[in-house]
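A short worksheet on the structure shown next.
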Amino acid sequence: MAGNKERTFIMVKPDGVQRGLVGQIIQRFEAKGFKLVAMKFMWPSKELLEKHYADLSARPFFPGLVTYMSSGPVVPMVWEGLNAVKTGRKMLGATNPADSEPGTIRGDLCVQVGRNIIHGSDAVESANKEIALWFKDEELVSWTPAAEGWVYE
């Protein structure tokens, strides 16, 4: 694969899980040509979420965010591919679904910022940090999809 091969952290939030959107979200990343290298189905602890969202801890919405994110199961995933972080963010759409373009995950599937169904890393550095927080090294699977040659030159 030529270019900027990288990994990104994507997590389906409790509202996305409860609405049965996990499969649609996975399908979009697979159809784009990204490779799934790790995935879990779990109910996150408040402690894990406080670490994950530590950069937002001073914001007034932080306690509500942690409560909401710990209200049900989530699906954290690691996707790999060319410019995975930047492209993944474009696929998600704007944080506020009202500002998201049609064709994006949030633009197609969400209506309110407090229920925007998905989280995605905003930079390579934060992706690496989030991946290390949610996954052990041995949970990241190194493999080559048979179709990789049909996705990348």
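Just so you know, the numbers here start at 1 and follow the chain as drawn.
Note: Cβ is positioned from N, Cα and C throughout, glycine not excepted.
TrEMBL does not curate its annotations; it predicts them automatically.
Feature annotation from TrEMBL assigns active site, pros-phosphohistidine intermediate to H119. Within 10 Å of the C-beta atom of H119 (active site, pros-phosphohistidine intermediate) sit 20 other C-beta atoms, taking all shown protein chains into account.
In sequence order, R106, V113, N116 are the residues near T95 (ATP binding site), counting only same-chain partners six or more apart with C-beta under 8 A. DSSP classifies T95 (ATP binding site) as coil under the three-state reduction. Among the features that TrEMBL reports, ATP binding site is placed at K13, F61, R89, T95, R106, N116.
Per-residue pLDDT, averaged over the domain 'Nucleoside diphosphate kinase-like' (5-142), rounds to 97. Per TrEMBL, domain 'Nucleoside diphosphate kinase-like' is recorded for 5-142.
Taking the Cβ of K13 (ATP binding site) as centre and 10 Å as the limit, one finds 21 other Cβ atoms among all the protein chains shown. Separating the Cα atoms of R89 (ATP binding site) and H119 (active site, pros-phosphohistidine intermediate) is a whole-number distance of 9 Å. F61 (ATP binding site) is surrounded by 12 other CB atoms, counting those within 10 A of its CB over all protein chains shown. Here the Cβ of R89 (ATP binding site) has 19 other Cβ atoms within 10 Å, regardless of which shown protein chain they belong to.
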